[in-house]
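Peer 1: Below are the features listed in TrEMBL for this protein:
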DOMAIN    53-234  domain 'BPL/LPL catalytic'
BINDING   Arg93, Gly94, Gly95, Gln96, Ile97, Thr98, Tyr99, His100, Ala165, Leu166, Gly167, Gly178, Leu179, Ser180  substrate binding site
SITE      Lys162  site 'Lowers pKa of active site Cys'
ACT_SITE  Cys196  active site, acyl-thioester intermediate
Amino acid sequence: MSVSPVSIVSTPVVVPASPAGSPVQPVTVRWRGVEAYETSFDAMRAFTDTRTSDTGDEIWVVEHPPVYTLGQAGDPAHLLVADSGVPLVKVDRGGQITYHGPGQIVVYLLLDLRRRKLMVRTLVTKIEEAVIETLAAYNLASVRKAGAPGIYVASGVHEGAKIAALGLKIRNGCSYHGLSLNVKMDLRPFLAINPCGYAGLETVDMASLEVAADWNDVAHTLVGRLIANLDGETAAADKPQALEHSND
(Lines of atoms letter the chains of each structure in order from A; the text may use other names.)
(Lines give C-alpha, C1' and ligand atoms only; values in the text may rest on other atoms or scores of the structure.)
Protein backbone atom coordinates (compact mmCIF):
# COMPACT_ATOMS: atom_id res chain seq x y z
CA MET A 1 0.00 0.00 0.00
CA SER A 2 1.69 3.20 -1.13
CA VAL A 3 1.49 6.48 0.72
CA SER A 4 2.04 9.84 -0.94
CA PRO A 5 4.59 12.32 0.42
CA VAL A 6 3.56 14.73 3.13
CA SER A 7 2.37 18.15 1.98
CA ILE A 8 1.99 20.72 4.75
CA VAL A 9 0.13 23.99 4.47
CA SER A 10 -0.68 26.25 7.43
CA THR A 11 -3.49 28.72 6.91
CA PRO A 12 -4.56 31.07 9.74
CA VAL A 13 -8.32 31.54 9.87
CA VAL A 14 -9.32 34.69 11.76
CA VAL A 15 -12.93 34.61 12.90
CA PRO A 16 -14.78 37.94 13.28
CA ALA A 17 -15.67 39.40 16.66
CA SER A 18 -18.61 37.81 18.46
CA PRO A 19 -22.01 39.55 18.48
CA ALA A 20 -21.37 40.64 22.07
CA GLY A 21 -18.33 42.55 20.85
CA SER A 22 -15.65 40.49 22.56
CA PRO A 23 -12.92 39.26 20.20
CA VAL A 24 -12.90 35.60 19.29
CA GLN A 25 -9.50 33.95 19.58
CA PRO A 26 -8.13 33.30 16.07
CA VAL A 27 -8.05 29.68 14.94
CA THR A 28 -5.12 28.34 12.94
CA VAL A 29 -5.94 25.49 10.57
CA ARG A 30 -2.95 23.30 9.81
CA TRP A 31 -3.15 21.03 6.78
CA ARG A 32 -0.55 18.38 7.64
CA GLY A 33 -1.01 15.98 4.72
CA VAL A 34 -0.20 12.28 5.18
CA GLU A 35 1.47 11.76 8.54
CA ALA A 36 2.26 8.79 10.78
CA TYR A 37 -0.19 8.55 13.65
CA GLU A 38 2.54 8.60 16.29
CA THR A 39 3.88 11.86 14.85
CA SER A 40 0.50 13.57 15.17
CA PHE A 41 -0.11 12.06 18.61
CA ASP A 42 3.23 13.23 20.01
CA ALA A 43 2.81 16.67 18.44
CA MET A 44 -0.66 17.35 19.83
CA ARG A 45 0.33 16.19 23.31
CA ALA A 46 3.39 18.44 23.23
CA PHE A 47 1.28 21.35 21.95
CA THR A 48 -1.24 20.88 24.77
CA ASP A 49 1.40 20.42 27.47
CA THR A 50 3.25 23.60 26.53
CA ARG A 51 0.37 25.89 25.64
CA THR A 52 -0.38 28.93 27.80
CA SER A 53 -3.40 31.16 28.22
CA ASP A 54 -2.10 33.16 25.25
CA THR A 55 -1.72 30.18 22.90
CA GLY A 56 -4.12 30.30 19.97
CA ASP A 57 -6.46 27.42 19.20
CA GLU A 58 -5.61 25.16 16.29
CA ILE A 59 -7.37 22.62 14.06
CA TRP A 60 -5.16 20.03 12.38
CA VAL A 61 -6.26 18.11 9.28
CA VAL A 62 -4.37 14.93 8.49
CA GLU A 63 -4.56 11.55 6.77
CA HIS A 64 -2.87 8.58 8.42
CA PRO A 65 -1.30 5.41 7.04
CA PRO A 66 -3.12 2.29 8.32
CA VAL A 67 -3.23 2.14 12.13
CA TYR A 68 -5.51 0.96 14.92
CA THR A 69 -5.78 3.16 18.01
CA LEU A 70 -7.05 1.99 21.39
CA GLY A 71 -8.42 4.46 23.95
CA GLN A 72 -7.02 4.68 27.47
CA ALA A 73 -9.83 2.56 28.93
CA GLY A 74 -10.11 0.41 25.80
CA ASP A 75 -10.32 -3.37 25.86
CA PRO A 76 -7.66 -5.04 23.67
CA ALA A 77 -10.13 -7.89 23.12
CA HIS A 78 -11.91 -5.64 20.62
CA LEU A 79 -8.99 -6.27 18.26
CA LEU A 80 -10.23 -9.54 16.77
CA VAL A 81 -7.24 -10.40 14.56
CA ALA A 82 -3.87 -10.26 16.29
CA ASP A 83 -1.78 -10.64 13.13
CA SER A 84 -3.65 -8.21 10.87
CA GLY A 85 -0.43 -6.48 9.83
CA VAL A 86 -1.84 -3.13 10.96
CA PRO A 87 -0.04 -1.59 13.97
CA LEU A 88 -1.90 -0.89 17.20
CA VAL A 89 -1.19 2.30 19.17
CA LYS A 90 -2.50 2.80 22.71
CA VAL A 91 -3.56 6.40 23.22
CA ASP A 92 -4.99 8.66 25.91
CA ARG A 93 -8.32 9.63 24.33
CA GLY A 94 -11.68 8.33 25.44
CA GLY A 95 -13.40 5.47 23.67
CA GLN A 96 -12.40 2.02 22.52
CA ILE A 97 -10.68 0.87 19.33
CA THR A 98 -10.90 2.46 15.90
CA TYR A 99 -9.06 2.38 12.59
CA HIS A 100 -7.42 5.18 10.64
CA GLY A 101 -6.22 4.82 7.08
CA PRO A 102 -5.93 6.33 3.60
CA GLY A 103 -9.12 7.91 2.30
CA GLN A 104 -10.22 9.05 5.76
CA ILE A 105 -10.21 12.65 6.97
CA VAL A 106 -8.86 13.04 10.51
CA VAL A 107 -9.33 16.36 12.30
CA TYR A 108 -7.69 17.19 15.61
CA LEU A 109 -9.16 20.01 17.69
CA LEU A 110 -6.66 21.76 19.96
CA LEU A 111 -8.95 24.13 21.82
CA ASP A 112 -8.90 26.05 25.09
CA LEU A 113 -12.35 25.14 26.39
CA ARG A 114 -12.16 27.43 29.40
CA ARG A 115 -11.42 30.44 27.22
CA ARG A 116 -14.25 29.48 24.91
CA LYS A 117 -16.55 28.75 27.87
CA LEU A 118 -17.33 25.39 26.31
CA MET A 119 -18.50 22.34 28.23
CA VAL A 120 -17.26 19.02 26.86
CA ARG A 121 -20.78 17.84 26.02
CA THR A 122 -21.40 21.06 24.09
CA LEU A 123 -18.14 20.61 22.18
CA VAL A 124 -19.11 17.05 21.23
CA THR A 125 -22.51 18.26 20.02
CA LYS A 126 -20.91 20.99 17.89
CA ILE A 127 -18.47 18.50 16.35
CA GLU A 128 -21.21 16.01 15.56
CA GLU A 129 -23.39 18.73 14.05
CA ALA A 130 -20.51 19.82 11.81
CA VAL A 131 -20.18 16.27 10.47
CA ILE A 132 -23.94 15.98 9.91
CA GLU A 133 -23.94 19.30 8.03
CA THR A 134 -20.94 18.25 5.95
CA LEU A 135 -22.61 15.01 4.89
CA ALA A 136 -25.83 16.89 4.15
CA ALA A 137 -23.86 19.03 1.69
CA TYR A 138 -23.38 15.78 -0.27
CA ASN A 139 -27.06 14.80 0.11
CA LEU A 140 -26.31 12.21 2.79
CA ALA A 141 -28.63 12.05 5.81
CA SER A 142 -26.93 11.12 9.07
CA VAL A 143 -27.76 11.07 12.77
CA ARG A 144 -26.32 10.83 16.26
CA LYS A 145 -26.94 7.88 18.57
CA ALA A 146 -27.57 8.36 22.27
CA GLY A 147 -24.65 7.06 24.30
CA ALA A 148 -22.59 6.23 21.21
CA PRO A 149 -20.48 9.21 20.08
CA GLY A 150 -20.04 9.45 16.34
CA ILE A 151 -22.25 9.81 13.29
CA TYR A 152 -24.39 7.10 11.71
CA VAL A 153 -26.25 6.63 8.42
CA ALA A 154 -29.87 7.69 8.86
CA SER A 155 -31.66 5.46 6.35
CA GLY A 156 -31.36 3.04 3.46
CA VAL A 157 -29.49 -0.23 3.07
CA HIS A 158 -26.73 0.94 5.42
CA GLU A 159 -29.02 2.47 8.06
CA GLY A 160 -27.24 2.52 11.42
CA ALA A 161 -23.76 2.07 9.94
CA LYS A 162 -21.03 4.30 11.34
CA ILE A 163 -19.41 6.81 9.00
CA ALA A 164 -17.61 9.10 11.46
CA ALA A 165 -15.92 8.50 14.82
CA LEU A 166 -15.18 10.87 17.69
CA GLY A 167 -12.79 10.73 20.63
CA LEU A 168 -11.38 13.53 22.77
CA LYS A 169 -8.94 14.09 25.61
CA ILE A 170 -9.29 17.06 27.94
CA ARG A 171 -6.19 18.15 29.86
CA ASN A 172 -6.02 21.33 31.95
CA GLY A 173 -9.18 22.60 30.30
CA CYS A 174 -7.86 22.07 26.76
CA SER A 175 -8.92 19.49 24.18
CA TYR A 176 -6.95 17.36 21.78
CA HIS A 177 -7.65 14.32 19.58
CA GLY A 178 -10.85 14.81 17.56
CA LEU A 179 -12.80 13.08 14.81
CA SER A 180 -12.49 11.01 11.66
CA LEU A 181 -14.78 10.94 8.61
CA ASN A 182 -14.63 8.11 6.09
CA VAL A 183 -14.58 9.35 2.48
CA LYS A 184 -13.19 6.59 0.25
CA MET A 185 -11.34 3.85 2.11
CA ASP A 186 -10.41 0.22 2.10
CA LEU A 187 -12.94 -0.75 4.78
CA ARG A 188 -11.64 -4.29 5.32
CA PRO A 189 -9.50 -3.37 8.38
CA PHE A 190 -12.70 -2.48 10.24
CA LEU A 191 -13.70 -6.15 10.00
CA ALA A 192 -10.79 -7.05 12.28
CA ILE A 193 -12.14 -4.97 15.19
CA ASN A 194 -15.30 -4.23 17.11
CA PRO A 195 -15.45 -0.58 16.00
CA CYS A 196 -15.60 1.68 19.04
CA GLY A 197 -16.28 -1.44 21.11
CA TYR A 198 -19.51 -2.49 19.35
CA ALA A 199 -19.49 -6.05 18.03
CA GLY A 200 -20.86 -6.36 14.52
CA LEU A 201 -21.14 -2.62 13.93
CA GLU A 202 -21.03 -1.90 10.20
CA THR A 203 -18.65 0.84 9.12
CA VAL A 204 -19.10 2.63 5.79
CA ASP A 205 -17.60 5.50 3.85
CA MET A 206 -19.12 8.08 1.54
CA ALA A 207 -18.19 5.93 -1.45
CA SER A 208 -20.25 3.05 0.02
CA LEU A 209 -23.21 5.41 -0.08
CA GLU A 210 -22.62 6.10 -3.78
CA VAL A 211 -21.11 9.54 -3.26
CA ALA A 212 -17.99 10.14 -5.34
CA ALA A 213 -16.52 12.89 -3.17
CA ASP A 214 -13.07 14.42 -3.38
CA TRP A 215 -11.08 14.13 -0.12
CA ASN A 216 -9.91 17.75 -0.27
CA ASP A 217 -13.36 19.14 -0.97
CA VAL A 218 -14.92 17.21 1.90
CA ALA A 219 -12.10 18.25 4.24
CA HIS A 220 -12.58 21.93 3.47
CA THR A 221 -16.34 21.66 3.90
CA LEU A 222 -15.88 19.91 7.24
CA VAL A 223 -13.35 22.43 8.56
CA GLY A 224 -15.61 25.31 7.53
CA ARG A 225 -18.54 23.81 9.40
CA LEU A 226 -16.44 23.11 12.49
CA ILE A 227 -15.23 26.70 12.67
CA ALA A 228 -18.72 28.08 12.09
CA ASN A 229 -20.21 25.86 14.82
CA LEU A 230 -17.44 26.51 17.31
CA ASP A 231 -17.55 30.28 16.99
CA GLY A 232 -21.18 30.88 16.10
CA GLU A 233 -20.15 32.69 12.95
CA THR A 234 -20.03 31.80 9.28
CA ALA A 235 -16.28 31.61 8.82
CA ALA A 236 -15.03 31.25 5.26
CA ALA A 237 -11.31 30.66 4.89
CA ASP A 238 -9.28 30.97 1.74
CA LYS A 239 -8.83 27.50 0.35
CA PRO A 240 -5.24 26.28 0.64
CA GLN A 241 -3.64 24.28 -2.13
CA ALA A 242 -4.85 20.72 -2.52
CA LEU A 243 -3.17 18.29 -0.18
CA GLU A 244 -1.35 15.26 -1.45
CA HIS A 245 -2.96 12.15 -0.04
CA SER A 246 -3.11 8.45 -0.73
CA ASN A 247 -5.92 6.89 -2.72
CA ASP A 248 -4.86 3.32 -1.95
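Glycine is no exception: its Cβ is also placed from the backbone N, Cα and C atoms.
Bear in mind that TrEMBL entries carry predicted annotations, made automatically and left uncurated.
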Peer 1: At the level of the C-alpha atoms, what whole-angstrom distance separates Ala165 (substrate binding site) and the residue listed as 'active site, acyl-thioester intermediate'?
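Peer 2: Checking the Cα atoms of Ala165 (substrate binding site) and the residue listed as 'active site, acyl-thioester intermediate' gives a distance of 8 Å.
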Peer 1: State the count of C-beta atoms found within 10 angstroms of the C-beta of Lys162 (site 'Lowers pKa of active site Cys'), not counting that atom itself.
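Peer 2: Result for Lys162 (site 'Lowers pKa of active site Cys'): 23 other Cβ atoms within 10 Å.
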Peer 1: What is the interatomic distance between the Cα atoms of Arg93 (substrate binding site) and Cys196 (active site, acyl-thioester intermediate), given in whole Å?
Peer 2: 12
Peer 1: The record lists Arg93, Gly94, Gly95, Gln96, Ile97, Thr98, Tyr99, His100, Ala165, Leu166, Gly167, Gly178, Leu179, Ser180 as binding substrate. What's the largest Cα to Cα distance among them, in Å, rounded to a whole number?
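Peer 2: Farthest-apart Cα atoms in Arg93, Gly94, Gly95, Gln96, Ile97, Thr98, Tyr99, His100, Ala165, Leu166, Gly167, Gly178, Leu179, Ser180 are separated by 16 Å.
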Peer 1: Near Gly167 (substrate binding site), which residues of its own chain have a C-beta under 8 A away, given they sit six or more steps off in sequence?
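Peer 2: Gly167 (substrate binding site) has long-range Cβ partners Gly71, Arg93, Gly94, Gly95, Thr98, Pro149, His177, Gly178, Leu179.
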Peer 1: Can you give me the Cα-Cα distance between Ile97 (substrate binding site) and Lys162 (site 'Lowers pKa of active site Cys') in Å, rounded to a whole number?
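Peer 2: A Cα-Cα distance of 14 Å.
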Peer 1: Where does Gly95 (substrate binding site) sit in the DSSP three-state scheme?
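Peer 2: Assignment for Gly95 (substrate binding site) reads coil.
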